[in-house]
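Below is one structure, written out as structure tokens, with a few remarks after it.
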């Protein structure tokens, strides 16, 4: 398991505006295929805890966002 910022296929962080506890980030992070335990908004990006090792996190190699 790992922690990190959730990214989309372009390598950009999932953006959020409500810092701290955030339903959107928590839902995205805890989806079955991502395997996260918890998600919240930190620095205007969705930060996830306990992600599956296979889930990509920011920064992605060769992607500038």
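Each residue, glycine too, has its Cβ placed from N, Cα and C.
Annotation source Swiss-Prot lists domain 'LCN-type CS-alpha/beta' at 2-65, citing sequence analysis.
In the shown protein chains, 11 other C-beta atoms lie within 10 A of the C-beta of residue 65 (disulfide bond). Annotation comment: Swiss-Prot describes 12-65 (among others) as disulfide bond.
Per Swiss-Prot, disulfide bond is recorded for 16-41 (among others). A C-beta separation below 8 Å, combined with a sequence spacing of at least six in one chain, links residue 16 (disulfide bond) to 22, 24, 25, 41, 44, 45, 46.
If you look up Swiss-Prot, you'll see 25-46 (among others) marked as disulfide bond. Under the three-state DSSP scheme, residue 46 (disulfide bond) falls in the strand class.
Taken residue by residue with DSSP, residue 29 (disulfide bond) is part of a helix. Here Swiss-Prot flags 29-48 (among others) as disulfide bond.
Residue counts for the domain 'LCN-type CS-alpha/beta' (2-65) under DSSP, helix first, then strand, then coil, are 7 helix, 23 strand, 34 coil. All chains included, 21 other C-beta atoms sit within 10 angstroms of the C-beta of residue 41 (disulfide bond).
Its own atom aside, the Cβ of residue 25 (disulfide bond) has 26 Cβ atoms within 10 angstroms in the protein chains shown.
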